[in-house]
Amino acid sequence: MHIHQTTFIKSAVKPADYPPVDLPEIAFAGRSNVGKSSLINVIVERKALVRTSSTPGRTQLINFFQVTGVPFSLNLVDLPGYGYAKVPLDVKRQWGPMMERYLSGRESLRGVVLILDIRRIPSEEDLQMLNWLRSYKRRPIIVLTKCDKVTKNERARQTAAIAARLEMDKSQLIHFSALSKDGRDTVWQAIQDAVEEDAP
């Protein structure tokens with residue numbers, strides 16, 4: 001993927017506020033502090049397109065970004081992080097319906113990158129997100145982040161455990177490191193496959 005330009009479009013909560021359905025979309029979902037912002041910044045080759053926060057759960061809106069590139073252009077959609085205990089209950093209650101409306105109704109959505117920390121076994125919230133994607137027939141792209149923080153043996157062991165928890169084959173999981181940028185091209189290839197295969 002050769003990127004010409006990446007720009008922030010807008011933030012939204014309700015479908016009426018989403019940008020027009022002009023380009024295919026790939027959304028990014030994951031628990032708070034799983035490395036979602038860092039992943040997006042690395043794949044679009046921008047240091048601070050998506051701000052990383054030391055306060056988990058701070059992102060409470062759906063953020064839309066447009067990527068103009070070759071061989072295709074698309075929107076990247078940053079969904080709110082989930083699963084952080086200190087977020088106020090009323091905010092948590094807004095997140096579920098907000099994300100479910102987007103996942104179920106967005107016509108241009110071609111796939112969702114579900115981001116997991118390779119050091120952690122997927123939580124109930126992770127499984128709920130994956131089940132949402134499956135029920136809405138959205139293509140999941142599973143990316144395991146922070147791979148530079150584990151040894152080769154730990155990586156193999158954790159990959160097997162995560163795959164078993166998700167009831168997926170290990171070959172379906174993408175390893176990624178924001179530090180070394182390993183996995184960037186693989187993530188883009190998975191995104192391109194989703195955009196091309198699920199095009200109307």
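Cβ atoms here come from the backbone N, Cα and C positions, even for glycine.
What Swiss-Prot says about this protein:
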BINDING   30-37, 57-61, 78-81, 145-148, 176-178  GTP binding site
BINDING   Ser37, Thr59  Mg(2+) binding site
DOMAIN    22-197  domain 'EngB-type G'
*Which whole-number value in Å describes the distance between the Cα atoms of Lys146 (GTP binding site) and Ser37 (Mg(2+) binding site)?*
12
*Provide the number of Cβ atoms within 10 Å of the Cβ of Pro80 (GTP binding site), excluding the reference atom itself.*
24
*Which entry in the list of binding-site residues, Lys36, Lys146, has its Cβ near the fewest other Cβ atoms, using 10 Å as the limit?*
Lys146
_Cβ-Cβ neighbours of Ser37 (Mg(2+) binding site) (radius 10 Å)_ = 22
*If you run the three-state DSSP split on Lys36 (GTP binding site), which class comes out?*
helix
*How many whole Å apart are the CA atoms of Ser37 (Mg(2+) binding site) and Pro80 (GTP binding site)?*
11
*Three-class DSSP secondary structure - Gly30 (GTP binding site)*: strand
*Taking Gly30, Asn33, Leu61 as the binding-site residues to compare, which has the smallest set of other Cβ atoms within 10 Å?*
Leu61
_Suppose we draw a 10 Å sphere around the Cβ of Phe176 (GTP binding site). How many other Cβ atoms does it contain, all chains included?_
27
